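As recorded in TrEMBL, the features of this protein are as follows:
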DOMAIN    42-348  domain 'Aminotransferase class V'
MOD_RES   198  N6-(pyridoxal phosphate)lysine
BINDING   360  substrate binding site
Ligand SMILES: *Cc1c(COP(=O)(O)O)cnc(C)c1O
């Protein structure tokens, strides 16, 4: 058996729902040398990361940190730490990731109630209110932007509802953070978890997250301190969080000045996450979001310019992704295959009720760029024509140019 060669991936332009092409600056940051877990350089870098992500999440939350896992792990950390078996939780299910919240909350032993919304639509405030009134949950858990449907859930009014019905508010912001406005404190969000591989322009494997004082209080009551490092005066929780790795109380203790050992912080991922936040804040959070809005609009105009139907409620579309109806009679997977093989461009497929019906094209992070948008539209036009779809010549690129012109 011969030894596989060093890793040498092909050149790709990742224009799907994530991961997207990482910003080269993030990759360079991730090639920096390791330091020890408690090296002052490392603990300073952890503190810097907390400060940077407070700005990205627009929050004053002390507990703003990285969870060492992909976004899914961070969702699990939040839910397993906030929910006790038997707690009631309400989840508006509007797409694939709503189903994921249900699945994880069920595994936490919670009593899960859902509001089921047709894919492609938002959950209206009065529908959520009626469910809160009926269920009286301790937690309302919702996805902010569900990449499976491209729809952005409005948060207006949720803060007041959660106050009235006395429940915590959790948001999965994996696909939206950085590229779409998200105001943790102003919107009354108690817990929000993200990931690097969508709008933040990094790889998957680290999840920025933030927790309000109310959420921290719930978690602290249930946190454990492991026998080997427990000090005199440290209480033992009566109902400990049912995960060790994802015990947020222990993770808080590790990121706090106590620096109680938990796992070894994923140093290389932290370097990457730090650079992702620096990219956002150097450009300016609002400018970063405006760039996502601009290139998202251009991509939307472009696919419409090709005469393609767009999926979902456009009034509430995420800035960074568009769902494109696969024309009748076209093999969506064959088109994706040709885009990849001949142009090196990846666009996304869909899940569940949308499988085989919708492609998803992302414009986010490093790839929220004019050249990435125009190249993708141009390649899509060519591939569609070759499979027999009568697309207008130059219709996609021209419409995108117009969108850029109109914005300038
Ligand atoms: C991509 C995504 C996830 C899952 O992220 P992983 O890093 O793959 O675990 C979760 N929620 C939403 C809304 C996403 O878009």
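Using the three backbone atoms N, Cα and C, a Cβ is placed for every residue, glycine included.
Keep in mind the model is a prediction, meaning the values are calculated, not measured.
Calculated from their C-alpha atoms, the gap between the residue listed as 'substrate binding site' and residue 198 (N6-(pyridoxal phosphate)lysine) amounts to 13 Å. Long-range Cβ proximity for the residue listed as 'N6-(pyridoxal phosphate)lysine', meaning a same-chain Cβ under 8 A and a gap of 6 or more residues, is found for 17, 18, 19, 20, 147, 174, 175, 176, 177, 178, 179, 320, 362, 364, 365. When Cβ atoms from all protein chains are considered, those within 10 Å of residue 360 (substrate binding site) total 23, not counting its own.
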